Amino acid sequence: MDDKTKNDQQESNEDKDELELFTRNTSKKRRQRKRSKATHFSNQNKDDTSQQADFDEEIYLINKDFKKEESNDKNNDSASSHANDNNIDDSTDSNIENEDYRYNQEIDDQNESNVISVDNEQPQSAPKEQNSDSIDEETVTKKERKSKVTQLKPLTLEEKRKLRRKRQKRIQYSVITILVLLIAVILIYMFSPLSKIAHVNINGNNHVSTSKINKVLGVKNDSRMYTFSKKNAINDLEENPLIKSVEIHKQLPNTLNVDITENEIIALVKYKGKYLPLLENGKLLKGSNDVKINDAPVMDGFKGTKEDDMIKALSEMTPEVRRYIAEVTYAPSKNKQSRIELFTTDGLQVIGDISTISKKMKYYPQMSQSLSRDSSGKLKTRGYIDLSVGASFIPYRGNTSSQSESDKNVTKSSQEENQAKEELQSVLNKINKQSSKNN
């Protein structure tokens with residue numbers, strides 16, 4: 001029995017030794033790991049080191065509890081070896097206490113080494129701190145800027161709606177104020193003397209008098225700009241056959257500009273024993289005593305289509321050319337049904353054709369200036385200009401039907417007359433060439 005108990009005791013001791021070795025090895029490895037981690041985080045603050053120590057203590061307490069549980073299990077298995085187990089427990093307790101003592105010493109040594117290392121590192125890091133201060137300030141400013149940016153929170157839907165409403169209200173208020181101001185300005189203008197028509201400028205009237213136009217316009221002292229009807233005034237003025245078109249412009253604050261385009265008076269036609277003005281549109285002005293009639297030619301002998309063609313030819317001439325014409329007579333021949341005779345204001349007779357007379361008469365001012373005249377202004381060579389075919393000067397010879405009463409007593413021309421004839425013919429030839437080139 002003693003041998004068995006000894007063997008059992010030895011086996012139990014061996015098991016205990018193995019467990020102690022296992023626990024020591026595992027605790028050693030764990031301590032090494034924790035030490036390596038502690039050295040890695042040695043640059044951290046003291047709070048980290050205290051947390052590390054607390055963590056190691058927790059591991060140690062776990063191992064201690066584990067060993068106690070194993071010892072309790074073994075006590076339950078063998079009731080006979082109760083005394084031996086108590087001895088073992090005492091030994092294990094002593095071993096655990098020894099391990100606690102060793103562990104506490106190791107932790108104290110580690111803390112001392114960390115303190116020494118920190119003390120040794122502080123003088124080395126001192127010069128770095130001076131350089132790092134500026135860097136820290138820059139990082140702080142950057143962080144502050146970022147924080148300011150990040151502090152801007154996104155707007156919610158309600159806030160966006162409020163902003164939209166505010167903007168809409170501002171726009172509405174501005175529009176309303178502008179409208180109110182405009183209405184106020186308009187009302188002030190309407191009821192002030194500025195809106196009364198003070199000036200009427202009439203332009204383009206040659207045959208119709210200004211007083212007659214003002215009478216038709218009906219502008220009074222109390223007439224206002226906004227009540228004056230341009231449409232009615234234009235219709236009333238265009239009822240006059242002399243007026244071709246009218247344009248009226250209102251110029252603020254109180255001026256009317258009236259631009260008139262008239263129908264030209266191209267001729268005077270005999271009607272019921274009187275000579276009445278004939279307009280370019282073919283209308284006769286009846287009862288026009290107040291019309292200003294300038295030097296208009298007298299038309300005689302025209303009827304039907306020939307009259308219309310002659311009216312068209314005269315309307316195509318410029319007013320300057322028409323002033324040279326004193327009379328136009330329809331004088332057809334057997335071969336030329338469109339033959340006409342023109343008597344000019346400077347004493348010349350011109351024969352031409354209705355279809356071409358308007359184009360050829362535009363050169364008449366040059367013809368008249370090239371003629372040779374005496375001191376009294378009369379022509380040295382009496383004759384007529386034929387524009388029916390080309391342009392030629394034909395002097396009067398003897399008594400012909402085409403000669404006037406003053407020309408019947410004309411005899412042979414002198415040398416001066418022949419020279420004047422040659423000069424006039426040369427001018428007519430030049431004009432004839434120019435007209436052929438233009439055509």
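We number each residue from 1, going along the chain as drawn.
Using N, Cα and C of the backbone, Cβ positions are placed for all residues, glycine too.
The topological domain 'Cytoplasmic' annotation in Swiss-Prot covers 1-173, and the record cites sequence analysis as its basis. Residues or ranges marked as region 'Disordered' in Swiss-Prot: 1-96, 119-149, 396-439. Swiss-Prot lists 11-20, 87-96 with the feature compositional bias 'Acidic residues'. According to Swiss-Prot, the compositional bias 'Basic residues' annotation covers 26-38. For 64-76, 405-424, the entry in Swiss-Prot reads compositional bias 'Basic and acidic residues'. Among the features that Swiss-Prot reports, compositional bias 'Low complexity' is placed at 77-86. Among the features that Swiss-Prot reports, compositional bias 'Polar residues' is placed at 119-133, 426-439. As annotated by Swiss-Prot, transmembrane segment applies to 174-194, with the evidence given as sequence analysis. Per Swiss-Prot, topological domain 'Extracellular' is recorded for 195-439. The domain 'POTRA' feature in Swiss-Prot is assigned to 195-263; the stated evidence is sequence analysis.
Summarising model confidence by region, the topological domain 'Extracellular' (195-439) averages a pLDDT of 80. Taken residue by residue, the compositional bias 'Basic residues' (26-38) breaks down under DSSP into 13 helix, 0 strand, 0 coil. For the domain 'POTRA' (195-263), the DSSP-based tally of helix, strand and coil residues reads 18 helix, 24 strand, 27 coil.
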